[in-house]
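Here's what TrEMBL has on this protein:
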type: DOMAIN; residues: B:36-401; note: domain 'RNA polymerase beta subunit protrusion'
type: DOMAIN; residues: B:185-363; note: domain 'RNA polymerase Rpb2'
type: DOMAIN; residues: B:440-504; note: domain 'RNA polymerase Rpb2'
type: DOMAIN; residues: B:541-601; note: domain 'RNA polymerase Rpb2'
type: DOMAIN; residues: B:623-652; note: domain 'RNA polymerase Rpb2'
type: DOMAIN; residues: B:670-1047; note: domain 'DNA-directed RNA polymerase subunit 2 hybrid-binding'
type: DOMAIN; residues: B:1049-1139; note: domain 'RNA polymerase Rpb2'
Amino acid sequence: MEGVSYQRFPKVKIRELKDDYLKFELRETDASMANALRRVMLAEVPTIAIDLVEIEGNSSVLNDEFLAHRLGLIPLTSDRAMVMRFSRDCDACDGDGQCEFCSVEFHLHVRCDSDQTLDVTSHDLVSSDPSVVPVDVQRADSVGYDTSEQRGIIIVKLRRGQELRLRAIARKGIGKDHAKWSPAATVTFMYEPEIHINEDMMETLSLEEKREWIESSPTKVFGLDPNTQQVIVIDAEAYTYDDEVIKKADSMGKSGLVEIYAKEDSFIFTVESTGAIKASQLFINAIEVLKQKLDAVRLSEDTEEADDQFGELGAHMRGG
Amino acid sequence: MGVAEHLSVDKQFLSAPVKSTVDKFQLLPEFLKVRGLVKQHLDSFNYFVNTEIKKIVRANDRITSLVDPSIYLKYTDVKIGEPSITADNVTDALTPHMCRLSDLTYSAPIMVNIEYVRGSHVHKTIEEKRNVVIGSMPIMLRSCRCILNGKDEAELARLGECPLDPGGYFIVKGTEKVILIQEQLSKNRIIIGTDKKGRLNASITSSTESTKSQTVILMDKEKIYVHLNAFTKQVPIMVIMKAMGMESDQEVVQMVGRDPKYAALLLPSIQECADSDVHTQQQALEFLEKKVKKFTFSNPSQDKEGRAMDILRDVLVANVPVRRGNFRPKCIYVAVMMRRMMEAILNKDAMDDKDYVGNKRLELSGQLISLLFEDLFKTMNSETKKNMDMNLTKTRSNLFDVSKFMMKGTYSITQGLERAISTGNWDVKRFRMHRKGMTQVLARLSFIATVGHMTKISPQFEKSRKVSGPRALQPSQWGMLCPCDTPEGEACGLVKNLALMTHVTTDEEEGPLISLCHSLGVEDLELLSAEELHTPNSFLVIFNGLILGKHKQPQHFANAMRKLRRAGKIGEFVSIFVNEKQRCVYVASDGGRVCRPLVIADKGVSRIKELHMKELRDGIRTFNDFVRDGLLEYLDVNEENNALIALYESEAGPETTHIEIEPFTILGVCAGLIPFPHHNQSPRNTYQCAMGKQAMGNIAYNQLCRMDTLLYLLVYPQRPLLTTRTIELVGYDKLGAGQNATVAVMSYSGYDIEDAIVMNKSSLDRGFGRCIVMKKLSATNQTYGNGTSDRIIRPQKVGSDAERMQILDDDGLAAPGEIIRPQDVYINKESPINSKDGGVPPTGLPDSAYKSTRQTYKGPQGETAVVDRVSLYTDNNNNLCIKFLIRQTRRPEVGDKFSSRHGQKGVCGTIVQQEDFPFSERGICPDLIMNPHGFPSRMTIGKMIELLGGKAGVSCGRFHYGSAFGEPSGHADRVETISETLVNHGFSYNGKDFIYSGITGCPLQAYIFMGPIYYQKLKHMVLDKMHARARGPRVMLTRQPTEGRSRDGGLRLGEMERDCLIAYGASMLIFERLMISSDPFEVQVCRVCGLLGYYNHKLKTGICSTCKNGDNISTMKLPYACKLLFQELQSMNIVPRLKLTEA
């Protein structure tokens, strides 16, 4: 075994990049690698989320736990998360989670004095750290919404005389512990399909049959070339591995009209972020976390005590 | 886009041309607006309050003194006022919510106007008093006497009431009580059946205002007898007839019918009568006199002549009145009963079916309360009379005032009504009625449970009967009673529920209807000869079980009556039923019949046209207008037999007389929640009906203002993606009890066998299945007879108990918002040590006179809860009462029970991280995974269609529908159209997706059926059930471990388990389980006498108290229960002796 290297050099090609959306190709690697990335993005890239809520006054309709749960789920901008400490590993505050290295404090004090219903939203949360604030869902590119109405995430609605006063502490955490720390809204990948049309057999079809065959796919994968009247692949990735076209070809008596394989070594990733960190950063952080985990594996071969060195990563390796 | 699409559909719908078949669905919401879901209860109560109570008072309106007949008291009017409470002579208006919170009874004063004689002997003046309160009547919520009646949503909200709450129940001492609908056999109707011995009989249960009796005419050994409770044994029919003045045998034969078949059947009876030498009325009466039941306690002087005559008049077929000694109607009635029985003998088909819904009557709260009230009112009157006479015999100086005596009885009416409703025991002495369980605490587990409870019908028969007949689904139930909603187990098929559109009638004035019948050509019975009774060319007309006469053209008569009904000249609920077989026309206006509205059709063409529906949509027309204009009418079960009802207008033929409004109205409220129930195996729908009542969700808009003993709420309840029309009509979309979960039907991890489901941890983190459990704790600051009272004192801030009192405020009560742990004190109360005698010194009791009676929270160790609310109020005895509401928020855990709406329940088998969950290319990750083995044997196709429809619904942004039988009328989406929508949105038409494994990242071998299904979280949660114990409390008597979870009991090794161990030969294990781990006890046994001794701790030896020495004492272990047995036997003079041998 010694000396044999299975090292591969995967390639990444970014297709589309927005703040909260990333689409890229990952080539020359296998499912284990792709899935590891996906899993890390979902569950192990750290973010900051409200973890402790101290209710000072609550005369709203929702009860304390209800509010705390809602507060926890508000995504906070977490660019600091990678350098922050987990509060349980924090030496500065003995893990009581109240120091600047491991926690961010929020205050919320809203009182309704008008006859109209007052929405308490994530914008009402006052952060002690300007870099950690609730994610602003209001964006320039959000079409179709009146931007003035878009006032953050609603926490609770208040009527006249109702008041909400609380202190919340946000901490670093990972999605494995609670979904509120997951930076990813959606991470998914698909195998890139490889479509081979048997041109000769296709030519035996009439134009009507071709159309019918193309229509049989629920997604727009194939099309007719307007000039040559030939069937062409418009969008291979729209193919959902539903086999409908193959079944159709079989029922037309043209088995083997088209052959579709999944390319085992190339993946198309779609990453959507909650806004806590940018989608691109999410991907980079994921690689970072994955690397740390692999480092831990490598080191643990040499030294037993290396386990402790990696803090919580060590715990993962021990099956935590 | 979704909104836009929806709107455009609506516009299209509105501008659509007049269709050939009219969409009659709009009638339903109108119907429910007019009638409501619990209208039957409200109508019944309103009828009682407005009409019946006046009748009762009028019937008993005079109390006349026996001593001085000129002294009397007369009720001139009665009415029921506004709900209010009188405390300390101050009357306050009551709101229902006030009553719920402070344990009061929602009742209104019963006020009468009286006229009475004042003064005795010389100065007699007639006085009048108005609005004298004689008691208070519990008021049904939303009835015409309730303050909620006619209030709009905002006003209801101000009163703390939920606008969706149906009402129809009572609030007695703070608990909501429903008087269940009682099902019973029709009163005053002839029913042909068989008795236990298989003899054919014709029976009738007569019920009039004054009496109730049962008359049975039966055929025994070819001869016909009458069975009456007033007679010691059955009496020959001919004797009865002769006693009633039918001395001529010929006339009797004529009355039964001159057909030789009938005459032959009657012959043996005539023979027997002649044999026993009864020929004249006098002889017959003498014969009967001997058979009259003698009452042992009555003095013989009262047993005078004429009792037989009285019985014939008042007991035999009591519903037929004898006016001025005219027995002829009664003779005819008995003859008709005989004829019906003979018909059944000749032709078995003529037997009546006791389970036929037309032979049943539903007794509702109004009728039941009126029974009770009548009894209480009469009792009050007789009490008043007694007191009056007692006082009149004494000579009194002050002025004699009758009304003063009346006041004493008022308490009994209030108390009697309150007690009956709160215990559910109906005891009416006059009718010898002792019914139990008439009321139930309104189920407030979920909104549907509440509504479902109001439609529940409880059976009269005992549940243990083995016969299947009453339990079976009756074809006549169609449209009236829900075919799905019935419990499983012993009450299966006996407890039923009303269907959506069912109406239960109330009594209607009889007099005008009778005279109408006569004027429509019914020949009076009096004018008919016996011969004419059964002439073949005419029909008997029977009105509410009473024979009115004959009519030559029954069909004409029926049509005329119906026309009058449609024109609104007679009550809309009067039923006219022509029974060709019995050659009778039945006219019924009595209360308790079930009926439902149907569209009238002329030669198969619906009377409702598009223009009517447009008027309805525009709000010009109401449901009642439809009835008034003769477009709709109510048919009861009997009259349905004269109608040919088409399901849809398109199916109507020239013979069709009626058209159904909507087919899904045959289901009730609970079954109406199920999407596509017509695609499911029927028991599955029944299971869901039971489970829907256990689902958590929102209970009412005022749920957070309530103080229920137990309240389960869902944190994020949702409206089902796949709805039905019933859901919208009932308001389930506003008070849902479940969440739309994305379900993948696949096998995963093996933790999903036997219906277990695998749940996604991230979904749970985000709030799926999260619920709030609230429990009530209460305490009373009691005042005692000697003037002392409990006190609530400030908590100790230091000392040993300080830790347990941390959550207390300075007032000694737990503060809202505090976290409460087991063993925490929530009320720091002290009670006086002496609460029986002595008094309170003016300085007050010293601290030493109090003992601590603080109450602690007892919950499962390690579980914390939060004090949600604390409320203080004063109870009826002027004691301060405190209610604490304890709240707990729970997230689903392994073992919690969930169910879809198709009777598919399952527990959570495991909770899996989201990254391990399968995902689709679109990034869809299911919330839960269900094992596909749940489908083949259950055959719940509806669930699959729900999944498809839900998936299409989320894709296109429109709620899809799945009403029962809704496909032809467009109230349910077809699978084809759903599939089309799916394909348009890039899904496979069959709802299956291409899925990757979350663990490996590889595609799964098969396509996975995945989409949203509405899931309910049921109230059964492991947290409330799990229990284990190592050591713990023991029962004092036997020293064995206690039983049951609530007492932290042990887990019993029962007889069967013991048998296994015996069979296996694990004797030491049995020894350990049954003795060492249970109740070991060391005893001193005397080897000489074999009796148990005792251990003397001074001498440090065992001593036998019988032998008076300690010479032959052995020590051994035996179960304490065994020692106890020995001692108990000894106390019964049985001496068990132990014989010991060396081991």
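Cβ coordinates are placed from backbone N, Cα and C, and glycine is handled just like the others.
Those TrEMBL annotations? Automatic predictions, nothing curated.
What you see is a predicted model, and the numbers here were worked out from it, not measured in a lab.
With pairs at least 6 apart in sequence, the domain 'RNA polymerase Rpb2' (B:1049-1139) and the domain 'RNA polymerase Rpb2' (B:541-601) have fewer than 3 Cβ pairs within the 8 Å limit; the two do not touch.
Here the domain 'RNA polymerase Rpb2' (B:541-601) has a mean pLDDT of 88 out of 100. Comparing B:36-401, B:670-1047, B:1049-1139 for CB pairs under 8 angstroms to the domain 'RNA polymerase Rpb2' (B:440-504), the maximum falls on B:670-1047.
DSSP places the residues of the domain 'RNA polymerase Rpb2' (B:1049-1139) in helix, strand and coil in these numbers: 32 helix, 23 strand, 36 coil. Secondary structure counts, DSSP: the domain 'RNA polymerase Rpb2' (B:440-504) has 17 helix, 11 strand, 37 coil. Mapped onto DSSP helix, strand and coil, the domain 'RNA polymerase Rpb2' (B:541-601) counts 13 helix, 27 strand, 21 coil.
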